[in-house]
């Protein structure tokens, strides 16, 4: 957080220029930043990996300010407004509903004696394959009852050695056991990872044949997927991940380009914690049906694929309307005039759409996009643009939580403050209608804590103080903002979240503490160099180096990444532990938001440099449809 001291604050500060006048003066400054926006015709985007250094500037009020040189909004609002789709027609919804009925009939066949899914030599694997397929194709919300019935059947035959392909197979099967371990664990069933011990040789090692067949490769691929759902202390899962990763990388060097190789590359790259459901669905639609090792009737595969494509494209038509609504909101609040800040509202909305594809969850998607965008504006104010005196005023205004507080704010802050005040109150009131308790006060307290963490960092920078690692992390878990990006959108989802249950997900729960710590640490490993270049010394890496004199920067980064890995296993346990008293589906919302930000920091600070991976994500998941 780079701060500069301003001239002594006086009453004239409350009589600054209007937001738009102030913004106009900044346009000359902003012109030095590369223009990466989508062209008016919406035909191209010019991505850039470069970031200009922080620049000191002086305005007519004599206050030196700094801007970080972030690239501009990538998505021209006219292009968003012109997004078109033919899938709004009722005929597509009617067709999808018809196919849903047909797929339900396929699930029903599982209970028919000697049916296609009930052979005693393959019924368990058939059921697991069906559940896994509808989940990866993004259509599982239509089949909750059928999924539960299928998994109950599989679990009834689960043993300490795993399962075979069928209830009468007699021999355990790696593919079925690995897929079962993963799927059952994710649905809250108690299953031990020790089942994998039975697939090691006498030396305690996983082995493979000299000739890697497609069937064996798929066995190991499911072993890899299972190994990622690891709990703390599960050495067998660590060994399985190491073995399967090595095996699959070796296989990629030998097999020709195919749907299988594409799937392997995708899963090795994104694993589980950076794998967003709609992103995986888009990949899986392309490769589904190419598995020739498992005898499933062609018609069943075609029905699942048809439904997946229909649902993907129908949801696309809803996304179009929601994005247009979000863009209007962005313009109505004057955000385009704030030219010193990042504008990532389209990207944030896309990330929400990638984890919440139920049409009923529009308030969640839009709420996440709005809150995340406003946090980004505040981040750029507190990090670079605001003076210490102005930040004290803004912090005091948030503590008052009153529109009259803007009277003593610089005008460039007034619009931002009112946007936060209006939108958080509006979301909280809507959530209160759903939840039946005072969510407005709850939201206000969470924002006070968030802003308090921001000003604490500002004071550290202003005084030149570098905190200890523990001191930094405790504050950083709050200043990252993941709690407030989760809280209000989650309360609008329609299911009851009484305070008793919410406290198991939100602050001060272990679950919340883990998600906030993971994101703060992961974010810092990608941001600390750019932050340091702007004079923002405090980061998890720098503070760890302070606490451990003589350690190299590379080793410090490795240590922080190791912490993230360990905390991630703890988070897996908090999500899936059977004795929590909170449904997994409730915690999964907060967990998926953690995955969203984890994805954003996978390669770099993807929220500052959004012109590479996240730009491609927007294109693949919300701009383009899939051919039927």
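First residue shown is number 1, and so on along the chain.
Even glycines carry a Cβ here, placed using N, Cα and C.
Remember, predicted model here, so these are calculated numbers, not experimental data.
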Q: Name the residue range among 374-378, 379-383, 384-388 that Swiss-Prot annotates as motif 'DDXXD motif'.
A: 379-383
Q) C-alpha of residue 531 (Mg(2+) 3 binding site) to C-alpha of residue 379 (Mg(2+) 1 binding site): distance in Å? A) 12
Q: Could you tell me how many residues in the motif 'DDXXD motif' (379-383) are helical, how many are strand and how many are coil under DSSP?
A: 5 helix, 0 strand, 0 coil
(Q) Under DSSP, is residue 531 (Mg(2+) 3 binding site) part of a helix or a strand, or is it coil? (A) helix
Q) Around residue 379 (Mg(2+) 1 binding site), which residues of its chain at least 6 apart sit with Cβ under 8 Å of its Cβ? A) 454, 481
